[in-house]
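Residues or ranges marked as ATP binding site in Swiss-Prot: Gly15, Ser16, Met17, Phe18, Ser19, Gly20, Lys21, Ser22, Asp88, Glu89, Val90, Gln91. Per Swiss-Prot, the feature active site, proton acceptor maps to Glu89; the stated evidence is sequence analysis. The Zn(2+) binding site annotation in Swiss-Prot covers Cys145, Cys148, Cys183, Cys186.
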Amino acid sequence: MYLINQNGWIEVICGSMFSGKSEELIRRVRRTQFAKQNAIVFKPCIDNRYSEEDVVSHNGMKVKAVPVSASKDIFKYVTEDMNVIAIDEVQFFDEDIVEVVQILANRGYRVIVAGLDQDFRGLPFGQVPQLMAIAEYVTKLQAVCSVCGSPASRTQRLINDEPAAFDDPIILVGASESYEPRCRHCHAVPTKQR
C-alpha cells in the first residue's frame, strides 16, 4: 500500500461512526513511531467528547493531539523534521483544510486524515468528499448495523431514541448517547425523500 518513491501523499480514512476511523488513525501513527518517524496529530477544538488534548477512539485507544480552531493553525505546529501529519475528525474543519492538506503533501509530508464521509442524513459531510478525491489512498470502513447486524455505512442520529429529522442541525458532537451505526436499509431520516 505504501510503496511510493516520492515523499508526500494523502491518506483518507472514512466511514460511519463506530467504524474504527480514529482507531485506524491511531494505529497508523503508532506504526510511524515504531519506524522512528516524527508524527504530529491534530484534532478540531470542537471535539472534546473524551479528552481535550488526545484523539480517543470509542474503545479507549488514544494518542496525544494538538487541538486547533482553524485549518491554517496547523502550519504553526508543523516543523521540517516531521514525517507524518495526522488529522482526526476532519469533517469538522473549515473549507481551508483541503488546501492545507494539499500543501503539506506537496511539501513532502505523509498526511493521514480521518473523518465521517456522510452526515447523519446520509449526505456527503464537509470537506471529506474533496479530500477523498485528491487522496492517493482511501480506506472506507464500516461498522455493524445496530438494528440488523449488516455492514453499516451510515450514522443514525437519535433524539430521545427516535431518528433525528432531516432539517436538524448537521453538527452535534456526541457518541453512543446520540448516534448509532446503521446500514442503508435501517437508516431513517424523517422528512427526507428516499
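From the backbone N, Cα and C atoms, a Cβ is placed for every residue, glycine too.
Here Ser19 (ATP binding site) is compared against the recorded positions Glu89, Cys145, Cys148, and the shortest C-alpha distance is to Cys145. By neighbour count, meaning other C-beta atoms within 10 Å, the densest spot among the binding-site residues Met17, Val90, Cys148, Cys183 is Val90. Binding-site extent for ATP: residues Gly15, Ser16, Met17, Phe18, Ser19, Gly20, Lys21, Ser22, Asp88, Glu89, Val90, Gln91, maximum pairwise Cα distance 16 Å (rounded to the nearest whole number). Annotation for the recorded positions Asp88, Glu89: lowest Cβ count within 10 Å of the residue's own Cβ, Glu89. DSSP assigns Gly15 (ATP binding site) to a strand segment in the three-state reduction. Considering only the binding-site residues Ser19, Cys186, the Cβ with the fewest other Cβ atoms within 10 Å is that of Cys186.
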